[in-house]
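Visitor: Residues annotated as Zn(2+) 1 binding site in TrEMBL: Cys17, Cys20. Residues annotated as Zn(2+) 2 binding site in TrEMBL: Cys63, Cys66, Cys91, Cys94. According to TrEMBL, the feature domain 'TFIIS-type' maps to 59-99.
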Amino acid sequence: MRLVQSKGNDGTMHLICRKCGYDEMARNPSTSTSKIKDEKPLIQVVGEEEADISVMPTIKITCPKCGHDTAVWWMLQTRSADEPTTQFYRCVKCNHTWRHYA
């Protein structure tokens with residue numbers, strides 16, 4: 001049961017079920033608040049300026065922009081954890097970046 005506290009018209013505290021709407025006056029009313037921390041992990045995005053492509057793995061793949069045949073690649077979990085990772089490619093010649101959903 002998911003309850004929410006609410007003040008009635010007369011100032012009394014009520015517990016109300018969010019599912020069925022049942023309403024009951026609270027006998028010993030008290031309130032408390034809690035803040036939920038955002039625990040999502042930080043994702044580092046590799047931008048064109050800060051990417052050191054000399055240390056990234058390379059692959060033989062044709063760049064859709066310039067036609068060069070070598071690119072660096074990396075993978076990121078861009079969707080939910082139960083779905084495959086997204087593979088990113090960056091051409092070593094023109095720095096064009098594209099992605100492939102596995």
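One is the number of the first residue shown, and numbering goes on along the chain from there.
Including glycine, each Cβ sits where the backbone N, Cα and C put it.
Whatever TrEMBL says is automated annotation, not expert-curated.
Quantities reported herein were computed from a predicted structural model and do not represent experimental measurements.
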Visitor: Over the domain 'TFIIS-type' (59-99), work out the mean pLDDT and round it to an integer.
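Guide: Per the prediction, mean pLDDT sits at 90 for the domain 'TFIIS-type' (59-99).
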Visitor: Give the residue from the binding-site residues Cys91, Cys94 that has the most other Cβ atoms within 10 Å of its Cβ, counting over every protein chain displayed.
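Guide: Selected residue: Cys91.
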Visitor: From the Cα of Cys66 (Zn(2+) 2 binding site) across to the Cα of Cys20 (Zn(2+) 1 binding site), what is the distance in angstrom?
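Guide: Here the two Cα atoms lie 61 Å apart.
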Visitor: Cβ distance under 8 Å to Cys66 (Zn(2+) 2 binding site), same chain, sequence separation 6 or more: which residues?
Guide: Cys91, Lys93, Cys94, His96
Visitor: Neighbour count first, Cβ atoms within 10 Å, every protein chain included; then name which of Cys17, Cys20, Cys63 tops the list of binding-site residues.
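Guide: The residue with the most neighbouring Cβ atoms within 10 Å is Cys63.
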